[in-house]
Amino acid sequence: MVGRGNKPSALAATPGLAPQPTVTFSSDNSRVTAELPTGESVEILLYGATVISWKDSKGDEKLWVSSAAKLDGTKAVRGGIPLVFPVFGPPPASGHPTSSLPQHGFARTSVWEFLGKSTSESNPTSGDASGSANAADLSVKLDFGLSAASLTAEVRELWPYKFNLIYSVTLNRENLTTSLVVTNDDDKPFESQVLLHTYLRVNDISSVSISGLASSTYIDKVANASVGTQTADTLSIASETDRVYTTPNGASDVVTVSEGGKTRYTVARDNLLNVVVWNPWTEKAAGMGDFEPKEGYKNMLCIEPGSVGTWQTLEPGDAFEGAQTITIPL
Ligand SMILES: O=P(O)(O)OC[C@H]1O[C@@H](O)[C@H](O)[C@@H](O)[C@@H]1O
């Protein structure tokens with residue numbers, strides 16, 4: 001028996017180094033999880049590169065995912081952050097290269113490749129006197145890729161362009177950034193749209209108010225695509241809502257989601273000029289087989305930064321980058 005005084009003490013994983021973020025794969029390699037030393041985590045399915053969980057240090061989930069969502073690669077995930085590319089919504093009826101594609105395109109239903117992780121200090125001026133990183137300032141970035149070569153033959157035929165997508169998911173203590181770079185690898189131009197279809201989790205939609213959209217114009221998809229202007233400073237959700245906003249100052253307008261008067265999320269955008277606000281409410285939720293519980297519309301709000309108002313034309317070799325950063329109060 002080892003006497004108390006002689007008991008060996010546990011060795012630090014790597015002596016002298018601050019704890020690092022961990023990145024792990026599920027046993028079937030279908031999903032990757034990253035966790036910061038301070039406890040925040042993010043989980044991404046390779047199917048669609050769909051972020052299906054984002055938790056703060058206390059383990060509180062920030063994204064809404066339907067309990068009936070398919071996570072086995074048979075259907076786009078109902079919840080989390082599905083990626084929309086190269087077309088938003090139902091494609092144009094005919095005459096456009098995306099016309100044969102399914103609603104919201106193929107990025108959310110294709111299997112992406114994990115390209116690797118990198119870690120860094122989110123606040124490079126901090127750290128201890130020895131210059132080593134402060135665990136509280138560490139961030140982790142996960143990169144995913146999709147190109148024409150990795151599409152199924154069927155999808156490649158529906159949209160016959162050579163392209164490359166790099167999707168980066170960066171987790172910090174107080175925010176999550178998701179950023180998409182689209183590159184035209186073809187010898188002809190193509191037109192596309194992109195959107196980050198984020199399902200934010202809320203406690204009670206009736207106490208939610210959205211600001212940052214004042215003076216925006218919008219297309220109201222539940223009112224025959226009529227065009228309106230947001231006159232009130234804040235927007236509340238009390239019925240089915242499906243609007244495509246164009247904010248007055250481009251991507252610099254920050255959208256804030258508050259609940260009971262307290263800020264829950266701020267959504268900043270880079271290069272994405274539109275914001276879709278979507279909540280299916282009772283009837284639409286009831287009609288979606290993968291939307292459960294049916295009352296779940298009370299606990300979610302989609303704030304979807306995108307470039308969907310027009311087509312983004314990319315010449316051969318050109319690239320387009322768009323990003324969102326969702327911040328939570330610490
Ligand atoms: O059921 P899907 O294809 O995931 O789309 C959900 C919603 O996505 C939103 O972005 C659209 O504006 C809505 O019109 C649509 O209903």
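Just so you know, glycine gets a Cβ as well, placed from its N, Cα and C.
Note that this is a predicted model, so its numbers are computed, not measured.
According to TrEMBL:
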ACT_SITE  His197  active site
ACT_SITE  Glu304  active site
BINDING   Arg78, Gln103, Arg108  substrate binding site
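Checked against ligand 1, the binding-site residues Arg78, Gln103, Arg108 give Gln103 in sequence order as having a Cβ less than 6 Å away from one of its atoms. Across the annotated binding residues for substrate (Arg78, Gln103, Arg108), the two most widely spaced Cα atoms sit 14 Å apart. Summary of the substrate site environment: with the site residues Arg78, Gln103, Arg108 set aside, the chain residues having Cβ atoms within 8 Å of the Cβ mean position are Lys75, Ala76, Val77, Pro82, His104, Thr109, His197.
Arg78 (substrate binding site): 22 other CB atoms within 10 A of its CB, across all protein chains.
Distance from the CA of Glu304 (active site) to the CA of His197 (active site) is 5 Å. Sequence-distant contacts of Glu304 (active site), defined as residues of its own chain at least six apart whose C-beta falls under 8 angstroms from its C-beta, comprise Val84, Leu195, Leu196, His197, Thr198, Val275, Val276, Val277, Trp278.
Secondary structure from DSSP puts Gln103 (substrate binding site) in coil. Using a 10 Å radius centred on the Cβ of Gln103 (substrate binding site) and all shown protein chains, the other Cβ atoms total 12. Neighbour density for Arg108 (substrate binding site): within 10 A of its CB lie 23 other CB atoms from the protein chains shown.
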